[in-house]
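Enquirer: After the structure tokens below, expect a handful of questions from me.
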């Protein structure tokens, strides 16, 4: 048999073994990820603040994040409102400023007033929840004295009574061990206002039977006010006074953002706040500074899409010229740039592919980007723009509320903050933390540690399996061993290799390995760059480990065979392939252990125990297997090989030839050409007193930059919102009106784009498409509905829901407001909404085929003839309304009187049969949805005038003359 034939035969015999081993390799890597993911939540500094890793599959991306997209309210800020100042009849009370205010004052080059400085330096003896009122001069106390200032004192009294009465806060009974104000509010703003009134002695006591009871200073008995009407808050209401409520930054937000920036990560802030507030937040967080060039993109600088295109194109051309100069060696002294863009301009960006590409290229040149007045849908669109167009971009989105869910689910990694706005963001995320500052530890410490652990785990698992089967392959191909495909190892050795004798050391390394301690990883963010650039796990590194494994398996196979050499060993016993295989197996398993030890950094009692226990366990188990199974291949190997000098010489030479190069190379790298982590290890070991010497600013994280095509002609911008005149601000009617305490964010906007609906809607979309194909001229809905997709493509004028309704004749304009019953809280009483993700928007048309989360109802009234006595129409499910609508249309065809059609308050009669059949179920479920109809005031007024005219034209029977019989002659 030739050597080639033996190699082919041996390879065919090993196909099954290698396929089984590939499965074990896959299991080992995934089993290794689980304790690594769990260790993130077990970390003391993370666990103490309710950190949780909700999945291990995203752990590998934690070390390679290039972009962070962050919400502001509740994420960068604490979302804990404190009552700070107030203005009563033009007189301001309260002193001091906030961190954001100090940054804004510093940015304008002004100094704080002496009273604010004095107030900030005044120590707070007793901290009151939700109140931080500072008045060192006693202005409020002086003006509250009715003897000195009777008029102002009365105004102050009325002001605090208003705060204590006009709200929706609920009083809770506290036990002796509980601390706090005892107020429960749906919004932190209301809680701060009521707490402020309580701080000044105007305490809210109870709400009962349509009355509100409060206590007033100077009166022993409670004062009771009757509640006439609850007027919900809207941003369009005119203010009657002013209060200053502080939403302070969370602890260590500024330092966290700075360290993440120094790690080479681009940071975007997406907020619903107005532009001025967003800029002040940027300065307070040090995302912006006075040395940066701020690119302001708003309605004033770019009132139309054409202006936006010109501005972005000029920026792209300028950036490419700078890049060419830098490539030629010219030093670039250009200021760092940052973008501040509002939601209206983002709408124009996403409406045109050319604008999206230009904006993407310009934003890549900026250090930071702040998006203000953005909706939840736009947050997800921004993340999707970078995620899909930048090759190598790994995005992380972090938020705390329901309006951040779409953004969190769109990013590669979602991080939810368990704050005051519920658990929606946490439930939709991959990781959950309590405060933003823990994101630094999650990325710089756990992300970096996990990268090194998983890199070593994956490389070593492949390496040790190549070493095992490669050595067996070499032995089978040697002429001394017979050049056959016969096994040279005991089957138990092969099966137990990945389970018992080589798994414990790498398992411990995958859990405990730390390149540097957590303190060093947080202190020097540049270390994160190593993982983000893939310097420890790449195709080159993988090929290097495979090549080393192939070389070492040849050594572990040849050395025992060449040492034994002749037909007998040193003791005079005959040579056997069993003996050669046993020595070779001991060589390869020893080389694997020492190889892992050379690539480890963290040595402690646990890792030392893992190595020692594995070595002892192998030799004891090898002897037990040989003694317990005398008919096995290894029946002569143990304990015979322990008495052979060739055994120890083979292990020594194998270690020397295999790992001597590794030892010399690592010594050279550490002493002559150290990596950055080598320097930090020396810094930690020697305890240098000058950490600046160890600092290193990493280059920008590597990802394939996107470049727009600047040779294309300028496109036409025909969208209505893009045809504004230069320097013309949008009218008040064009601006969306947001409601709720966080009124800068439209929570219920466009629910049909929710990721959950995107999985459900394709089925109905396919059905609609088939219907359009089979129906001549399109489906009935397409033919008759002017707002269908086909009709919209023909006109090329996309309109909002409100614009579509207003385009109809006044007599046909109607909007349906829908609500869902929520247990314990009633009809639509909680923010972010009473509607589920799968429900239609809050305001819809009659068929619920279109809608919006908000609708301007200033010129609309509730239709008094719709529904029951309360003008609401009730049902168990929303689809029941559609069945009722279809039934009314059928009755119209059959000639039912119109007055019975327009104001039908009942549902489909078939529903009565279904209720009778499912009586018990409906008792349990109940009628949990309802809707009412809004119509234009002009329509009701016209109907009232028409009814009045009809009544006036009709003859009054009391005063009408008696009718004359037809044949009676006229009187003479």
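Just so you know, glycine gets a Cβ as well, placed from its N, Cα and C.
Keep in mind that TrEMBL annotations are predicted by a computer and have not been checked by a curator.
Reproduced below are the annotations present in TrEMBL:
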type	residues	note
ACT_SITE	71	active site, 4-aspartylphosphate intermediate
BINDING	71, 73	Mg(2+) binding site
BINDING	71, 72, 73, 190, 233, 790	ATP binding site
COMPBIAS	784-800	compositional bias 'Basic and acidic residues'
COMPBIAS	963-972	compositional bias 'Pro residues'
DOMAIN	426-674	domain 'P-type ATPase C-terminal'
REGION	774-800	region 'Disordered'
REGION	953-972	region 'Disordered'
TRANSMEM	582-598	transmembrane segment
TRANSMEM	605-627	transmembrane segment
TRANSMEM	647-664	transmembrane segment
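A description of the local structural setting of each listed feature is requested, covering burial, neighbours and distances.
Expert: Taking Cβ-Cβ distances under 8 Å and a sequence gap of 6 or more within the same chain, the neighbours of residue 71 (active site, 4-aspartylphosphate intermediate) are 269, 270, 271, 379, 398, 399, 400, 401, 403, 404, 407.
Mapped onto three states, the DSSP output places residue 71 (active site, 4-aspartylphosphate intermediate) in coil.
For the transmembrane segment (605-627), same-chain residues at least 6 beyond its ends with a Cβ under 8 Å from one of its own Cβ atoms are 490, 492-493, 496, 500-502, 504-505, 507-509, 512, 582, 589, 593, 597, 634-639.
A Cβ distance under 8 Å defines the sequence-distant neighbours of the transmembrane segment (647-664), meaning residues of its chain 6+ beyond its ends; these are 548, 551-552, 555-556, 559-560, 563, 583-584, 586-588, 590-591, 594-595, 598, 641.
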Enquirer: Grab the same-chain neighbours of the transmembrane segment (582-598) for me: Cβ-Cβ under 8 Å, and only residues 6 or more beyond its ends, written as numbers and ranges.
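Expert: Same-chain residues near the transmembrane segment (582-598) but 6 or more away: 460, 463-464, 467-468, 471, 475, 488-489, 493, 497, 501-502, 505-506, 509, 552-553, 555-557, 559-561, 564, 611, 614-615, 618, 622, 634, 637-638, 641, 644, 646-647, 650-651, 654-655, 658-659, 662-663, 666.
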Enquirer: Rounded to the nearest angstrom, how far is the Cα of residue 190 (ATP binding site) from the Cα of residue 73 (Mg(2+) binding site)?
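Expert: Between the alpha carbons of residue 73 (Mg(2+) binding site) and residue 190 (ATP binding site) there are 16 Å.
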Enquirer: Restricting to the domain 'P-type ATPase C-terminal' (426-674), report the mean pLDDT as a whole number.
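Expert: That stretch averages a pLDDT of 84.
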Enquirer: Look up residue 190 (ATP binding site) in the DSSP assignment and reduce it to helix, strand or coil.
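Expert: For residue 190 (ATP binding site) - judged by DSSP and reduced to three states - the answer is helix.
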Enquirer: Inside 10 Å of the Cβ of residue 190 (ATP binding site), count up the other Cβ atoms and send me the figure.
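Expert: Its Cβ shell of radius 10 Å holds 19 other Cβ atoms.
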Enquirer: Quick one: give me the count of other CB atoms within 10 A of the CB of residue 72 (ATP binding site).
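Expert: A count of 25.
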Enquirer: Test of understanding: give the count of other CB atoms lying within 10 angstroms of the CB of residue 73 (Mg(2+) binding site).
Expert: 26
